[in-house]
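A.B. asks: Sharing a structure here in structure tokens format.
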Amino acid sequence: MFVASKQADEQKKLVIEQEVQKRQFKKIEELKADMQKGVNPFFKVLFDGGNRLFGFPETFIYSSIFILFVTIVLSVILFQAYEPVLIVAIVIVLVALGFKKDYRLYQRMERAMKFKKPFLFKGVKNKAFMSIFSMKPSKEMANDIHLNPNREDRLVSAANSYLANNYECFLDDGVILTNNYSLLGTIKLGGIDFLTTSKKDLIELHASIYSVFRNFVTPEFKFYFHTVKKKIVIDETNRDYSLIFSNDFMRAYNEKQKRESFYDISFYLTIEQDLLDTLNEPVMNKKHFADNNFEEFQRIIRAKLENFKDRIELIEELLSKYHPIRLKEYTKDGVIYSKQCEFYNFLVGMNEAPFICNRKDLYLKEKMHGGVKEVYFANKHGKILNDDLSEKYFSAIEISEYAPKSQSDLFDKINALDSEFIFMHAYSPKNSQVLKDKLAFTSRRIIISGGSKEQGMTLGCLSELVGNGDITLGSYGNSLVLFADSFEKMKQSVKECVSSLNAKGFLANAATFSMENYFFAKHCSFITLPFIFDVTSNNFADFIAMRAMSFDGNQENNAWGNSVMTLKSEINSPFYLNFHMPTDFGSASAGHTLILGSTGSGKTVFMSMTLNAMGQFVHNFPANVSKDKQKLTMVYMDKDYGAYGNIVAMGGEYVKIELGTDTGLNPFAWAACVQKTNATMEQKQTAISVVKELVKNLATKSDEKDENGNSISFSLADSNTLAAAVTNLITGDMNLDYPITQLINAFGKDHNDPNGLVARLAPFCKSTNGEFQWLFDNKATDRLDFSKTIIGVDGSSFLDNNDVSPFICFYLFARIQEAMDGRRFVLDIDEAWKYLGDPKVAYFVRDMLKTARKRNAIVRLATQSITDLLACPIADTIREQCPTKIFLRNDGGNLSDYQRLANVTEKEFEIITKGLDRKILYKQDGSPSVIASFNLRGIPKEYLKILSTDTVFVKEIDKIIQNHSIIDKYQALRQMYQQIKEY
């Protein structure tokens, strides 16, 4: 019976063990599945219950027992006094309750005391890093921050303990040796456009960060990652836009942008290799540096240096998609500077300044003060006094509790804060043996402290993942320091930051007791961090996810010079809008742009706004551009008068072509004019060819056409006769009033032939009172004048009339192409599908799109309906020839249409249909897409009315144009809108 009972117990234990293994296996699979999705658990067992003895820090238990024992000996045995024992016991209980509430309290107190009372911690007393950190109480400053005059000794101590890594000297280009015998190198990394990139692609990109820290499992390496958000001022108020309204509008816009809060967000990864604790080699210690055998020492250093550089190159390769740039030396005006030291200097007080590199300098630390004169600490805030006597306020944020799981979007809200900050994450990997010891130690502590089975299972899962190489572990700490120009702004920033962190599942608050620790730890230092705990390599990778904006355009040195204008991205960084592809100033670059936006999305406002901004390109040409080409012409092909007021206010001519009214167009007169200019023979022949083609199109208007729009029944003989007559009329020295009439008169013998040339051209002739006589049979002065800077042409009346629209459009585009002669040229075509409806016109524009870049011209095609544009005969050419696409909101869009015309991703389409309110989605070939705002709030409302003309104001604008006594049409428009009661 005993044997049977024993077997039953063993069987029961086996079943339980199998069940535990199943549960553990299931949990591991769940964890792996989450990790594949970019969701990584925090193993709090490593820094919560597992690191405590009976729920309290082990050292606290031992020190409390010792203090209580000493108190009893001194008070009870020697003096028979029980009160001290009671007091000490109460203090211990109160502190214990504090530890129960916040298990980090003990470590924070211990590390903070290194600043408060450093004489108790001899191990951290180093040579003073910066003498500038001194406390000088000031009544004036006390008005802003309640300073504690008794903290001077603490601050001096803090300076003494500022950094474990005091910079000693340059060891190589981009490598600095510290006085703790470690090497430092820093890489600047670009962000990922997380708002416009699909979740799947983000996970794949983020996996490259995971791989970096799985490759480093030795404690000789430490990593310091800095997210730096710096306020910048966008000042473009000195730009000259040449046109009166353009100057007024853009001045108002640029002044508004100058007042806006713009930030530059950057990411830096600093790698530290400790030369004293190198594994797998004879340990090198400080006595090597006191040896007389310097050659051997230098050989070791060189070997370590090469190894260090190889590791940095490996990291750069693994993070290649983040566009890594090593911070090295650079030369300016014959002087060598160090980008690396400039960055370390910047971390002191967020002051930017050049740093001259001297390889022989052995006392870098004496120069690395960051332009800071004094630092003052109060309870929750501090103040920096710079060398130039400017002031900056700061506050540190302490994160007490972390969310249960980490993801790459953990700190997105922090990156979007309306505040300057430096967010430092420090990570030191553990080697395999240390990991095993750590897990075994934690396992014992769980048992001793009465931990739960869940904790044990979690630890088992962690051991399995570490053993399989899925993750590694390391020590981690962080320092988040906010900066502001005023105390009120500082308080507001702290409030927003704490609120943002708490919303993500953290427990955060403004640091008080440990503020000095956080302030000094933001450099590259573990020693001053108030709290260090263990996290997985994936957790750390999530903390440092570089989610920002990798493409911000170019502010300067573009094809035509400066950027068109500055917009604001979703993370409050500047986006420098350009239509040209990135290139050097003066280079021929593709700038054709497709603009898509539904009714009410702000398409007309955006086009008019940017048209005004491009007025600046009338100035500043490369030296190799001839004088006659140093000009700018902008042509706006309008519909429904949307740009009417804007063109007039800019001082341009607005050509309205009305059905049945003489257009003022005379192609013959234009071609004859070209013959008398200094145009090349090719240009002269082209002008004649255009008129020949146009007249042939008129003559074959009613004929049946093939797929290319050519007449099937028009004979070659008639074609040759017509061509010869057109050439004679243009090249002959005669009056070209009513050229169609003159052409018909030349074909007198054809009068009675219903299919003859006379009959074919009669509808366009005044002498025969033709239906379309108003088109081209006009006086000998052509209305179109492309010598002006801005011209508008409205197609509202004729675009829907298929009888005349193809001819007008053909002639307009032919004239425009002739004007693209090497000058800077902008052609805007609103509702482009209407202008390109005829195949012959479409193919003509197709050829123009292919050659315009070489002519220094850009074409911007816009439409409300992407479906209509897809029906255009040259839709494929538009997609290929327009490297820049700009999308405004379209709630009713179709994904397949957007993919076909503009290669839009599902994520981008989701943004277009849901996320664009007075914003654009900018997409340029070879660059990530960007969401940017063109918010015009604060701009005078009469300016906004001018940018986009409502049809109810068309007649009022007509009156202003027709009233020749009104000299300044722009001011008349302003007054008209200002007088409207709504404004």
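Glycine too: its Cβ is placed from the backbone N, Cα and C atoms.
Dumping what Swiss-Prot says about this protein:
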BINDING   GLY597, SER598, THR599, GLY600, SER601, GLY602, LYS603, THR604  ATP binding site
A.B. asks: I want to verify one value. Collapsing DSSP to three states, which class is THR604 (ATP binding site)?
C.D. replies: helix
A.B. asks: To see if you understand the setup: which same-chain residues, six or more apart in sequence, place their Cβ under 8 Å from that of GLY597 (ATP binding site)?
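C.D. replies: The list for GLY597 (ATP binding site) reads LYS603, PHE606, ALA862, GLN864, PHE887, LEU888, ARG889, ASN890, given in order along the sequence.
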A.B. asks: For the binding-site residues SER598, THR599, SER601, which one has the sparsest Cβ surroundings, going by other Cβ atoms within 10 Å?
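C.D. replies: Sparsest of the binding-site residues SER598, THR599, SER601 by Cβ contacts within 10 Å: THR599.
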A.B. asks: Which residues of the same chain, at least 6 positions away in sequence, have a Cβ lying under 8 Å from the Cβ of GLY602 (ATP binding site)?
C.D. replies: LEU888, ARG918, PHE934
A.B. asks: Run through the Cβ atoms and count how many others sit within 10 Å of the one on THR604 (ATP binding site).
C.D. replies: 23
A.B. asks: When you tally the Cβ atoms that lie within 10 Å of each candidate's Cβ, which of the binding-site residues (GLY600, LYS603) has the highest tally?
C.D. replies: LYS603
A.B. asks: Quick one: which residues besides GLY597, SER598, THR599, GLY600, SER601, GLY602, LYS603, THR604 have a Cβ within 8 Å of the ATP site's Cβ centroid, in sequence order?
C.D. replies: GLN864, LEU888, ARG889
